[in-house]
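Step one of this worksheet: look at the structure below.
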Amino acid sequence: MPTDAKRPLQLNDQGQLRHFISLDGLPRELLTEILDTADSFLEVGARAVKKVPLLRGKTVCNVFFENSTRTRTTFELAAQRLSADVISLNVSTSSTSKGETLTDTLRNLEAMAADMFVVRHSDSGAAHFIAEHVSPNVAVINGGDGRHAHPTQGMLDMLTIRRHKGNFEQLSVAIVGDILHSRVARSNMLALKTLGCPDIRVIAPRTLLPVGLEEQYGVRVFTNADEGLKDVDVVIMLRLQRERMQGGLLPSEGEFFRLYGLTEKRLKLARPDAIVMHPGPINRGVEIESAVADGAQSVILNQVTYGIAIRMAVLSMAMSGQNTQRQLEQEDAE
């Protein structure tokens, strides 16, 4: 079903979240609302009974065309804690492996009365395509699409930063590693810019840097890690995505670690209270050494905890936005 050209695809007529495809174009107030809502859901995870009834009677379908243990599991937990029914589609054994198109798969899932799709796909733009073509009553959440976006990872990273560092307006944040292939890097740069971070640094070899980062995201680019890490408050390490690389981008993983790997010595260039983050999975000895990943400044496991709360916030807000839009359209029809 084509989207209304007068309204941004992700928002309803009242500016509420309806789909969550990308952080691009979303206002600061909405990102802050997601963070505030997630903060309130963190308390749910500390209870003996970790459930609230916000999505009772709703069905959330996780459609993962690309493998992911952490993202899929946290989305499942988030939906279950909101009391939704959850279906997780194993694409490798589904009809898509027998030639069924993406649209046909979604139509069949719609026929099962799913209220929301969480989609992960190797093609950039897949989540947007799905949001444009599903029934108007179905919300679509992007669980990662190609190199394009991973908006819930971006927001859980922002929640991690805010809970450890307060507001964003005095911070220096460095994103280090395979920027070229990273949807996480793109989502983080957009979120940091929108939330008012004044100093966003990107550190990578030239071969792993997209063209035009400075103009598009307002970041500072460094090819020397030691220079880029000086006095930063937050270090976000990214893994080398070998599965998306073609030959010639790197001489070797050992050379990458020597020049860009986060060691205890290199971390000392950052502020003494700097935090270390990583979206996972971690390649120890490639982009980060174990002493840092497991050290006192690491908040990597906190990111996983906060990820459940962020996904609870996004699922509940998108479902609420869909319900509001449906009510508005019914009132207009009357």
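A Cβ is built for glycine as well, from the same backbone N, Cα and C atoms used for every other residue.
In the record from Swiss-Prot, residues Arg70, Thr71, His150, Gln153, Gly280, Pro281 bind carbamoyl phosphate; the candidate from Arg47, Arg120, Arg258 listed for the same site is Arg120. On the backbone, the CA of Pro281 (carbamoyl phosphate binding site) and the CA of Arg183 (L-aspartate binding site) stand 14 Å apart.
It is Gln153 that, of the binding-site residues Thr71, Gln153, has its Cβ surrounded by the most other Cβ atoms within 10 Å. Neighbour counts of Cβ atoms within 10 Å were compared across the binding-site residues Arg70, Arg120, His150, Arg183, Arg239; the minimum falls on Arg70.
Shown in sequence order, Ser68, Gly143, Gly144, Val184, Pro279 are the same-chain residues outside Arg70, Thr71, Arg120, His150, Gln153, Gly280, Pro281 whose Cβ sits within 8 Å of the Cβ centre of the carbamoyl phosphate site. Other Cβ atoms within 10 Å of the Cβ of Pro281 (carbamoyl phosphate binding site), summed over all protein chains shown, number 10.
With respect to their backbone Cα atoms, Arg183 (L-aspartate binding site) and His150 (carbamoyl phosphate binding site) stand 6 Å from each other.
Sequence-distant neighbours of Gly280 (carbamoyl phosphate binding site) (same chain, 6+ residues apart, CB-CB distance under 8 A): Arg70, Arg239, Ile300, Gln303, Val304.
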